[in-house]
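Participant: One structure, pasted below without further comment.
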Amino acid sequence: MDCPSEHEQMITEPLLSNRKGGIRTLPFILANEAFESLANYGLFPNLILYLTREYRIDAAKGAHVLFLLSSATNFTPILGAFLADTYVGRYRMIGFGCMASLLGMVLLWLTTFPEARPPPCVQFSYNCKSATTLQLLLLYTAFCFLAIGAGGIKSSSLAFGADQLGTSNSLEHARIRESFFSWYYGIVAASVFLGMTFVVYIQDNIGWMVGFGVPVVLMILSSLSFFVASPSYVKSKPKASWITGLAQVVVGSIRNRRIKLSSQATDKVDYHTTGSMLLVPSEKLRFLNKACIIRNPQEDLTPDGKASDPWSLCTVDQVEDLKALIKVIPIWSAGMLKSVNVSQGSFLVLQASTMNRHITSKFEVPAASFPSIVVLVITTWVVLYDRIIIPLVSKVTGKIVCLNLKQRMGIGILLSTISMAALAIAESFRRATAVKEGFPDNPNAELHISAMWLLPYFVLSGLAEAFNAIGQNEFFYTELPKSMSSVASTLQGLGLSAASLVSSFIVSAVRDFTKGEAQESWVSSNINKGHYDYYYWLLTILSLVNFIYYLVCSKSYGPCRQEKWLNR
């Protein structure tokens, strides 16, 4: 049962209280997120091999399915945040997410049983049976529950942990909140790395049944970790969502579209809340200003001065919040297109599976573990950049030196472009080796070419993420009003969701345009007959165009707040 109010159960110092919330609840929330991330990231990297080898789904179609799954997994947290904030509350949303994720993982584990998938056969032989409708229905239902579960947990976990620490602005509380955020992101990063290595290794060496069973156990532990501390949690009541506020501005401006605006002073009064620093709206995107004009105080306002219909009359702050969001969308879209390159992981696993991945004569790195290099590069670069490079350069120059946010995002997009060129070159050599060694018809044969050819791509891709993704998060957080901090935290996830859909469209278009009656498509299931190198060169060209697009957007945006501060 939810508490009567947001923090009524907490005394003045909840961190030391014997009642609701406090530090003692944080380990349970962190354990919940750690086990959930470990389970999910142990499943996703190898799914392309599972689809192509066990279900014999075409590589392009399999990638299309995983692009849609990735898109849904990144979009459902936004929907989950809206529902948690507005209707059900964060505690119930996380609980629902745990149950949905667990059900999805159990269903996916059930697909490993012989009756639930096509019978085994030699890949690309003519007597292979396709999956039945019921078998595919079980598989896709599992994917749906995994996406729904991710939306429940990831939308509310961090905010729910912050709820336990209260709303005090004391120095002690601020330090503990900062420590919680650091531990949260650190644990998630460690879980991602372990999932991509430990769980994937089990799948490759013990089998799918055990490999998919481990995430089920991990998800059970995640759910138990969360629910065992239920009596001790602060369970905040849902309140109005930022999505509702932005929607009200759009609806209000449309309803008031007949109001004429003038650049000169008029007798029209703008509606604003008491104590607001914004008394009149800006002149940019003036059409939206119609949403905050008071036409008839007797009809538009209640006796206590509030809007009688918030869908017809909004505050100046609401209008300016929407304008700020619209202003950052072009730069957001450039980052979204950059994320298309990151979403090519399924094809990379297919490539790595054919290459020599032995570190020693007895130990072979799983193909699906190579993307974990990106996580290591991001973590290493963040430490080097923040703790060594910037302090050293600043000491040498005698002044504070740092790249501004737009420069960091631009460098990330450029590095991402170079990484795709490196990947195209590596694939060209890999394919040439396959043809030279006589394996054009056997895409599963191990070639005498080291998987280290893929290392430049992963390193450059990791650096690109460290510059652009982290820069984007900070850019959205600093450029959008503080009242929209929740918006800022969801924009990148929305970009990843959109990038997966764009990637799916590009793959489908490439497959349709390059496939002929006697010609394999560039993204053929037989990667030795296809031309993935051409496909990567296409993405390189698109990335270069996107970099130019970003430069235009960056110049049009003007100086951001960090630049203004640095130039003082």
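From the backbone N, Cα and C atoms, a Cβ is placed for every residue, glycine too.
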Participant: Select from 34-57, 322-345, 490-513 the stretch of residues annotated by TrEMBL as transmembrane segment.
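Facilitator: Per TrEMBL, the stretch marked transmembrane segment is 490-513.
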Participant: Count the CB pairs under 8 A between the transmembrane segment (490-513) and each of 63-84, 183-202, 208-229, 447-470, 534-552, then give me the winner.
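Facilitator: Answer, by Cβ pair count: 63-84.
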Participant: Can you find at least 3 Cβ pairs under 8 Å between the transmembrane segment (534-552) and the transmembrane segment (405-426), where each pair is 6 or more residues apart in sequence?
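Facilitator: Contact confirmed: at least 3 Cβ pairs fall under 8 Å.
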Participant: To the transmembrane segment (63-84), which of 137-162, 183-202, 208-229, 447-470 is linked by the most Cβ pairs under 8 Å?
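Facilitator: It is 137-162 that shares the most Cβ pairs under 8 Å with the transmembrane segment (63-84).
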Participant: Ranking 91-110, 183-202, 405-426, 447-470 by Cβ pairs under 8 Å to the transmembrane segment (208-229), which is first?
Facilitator: 91-110
Participant: Check the transmembrane segment (405-426) against the transmembrane segment (365-385) for contact, please; criterion is three or more CB pairs under 8 Å, pairs 6 or more apart in sequence.
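Facilitator: Contact criterion not met.
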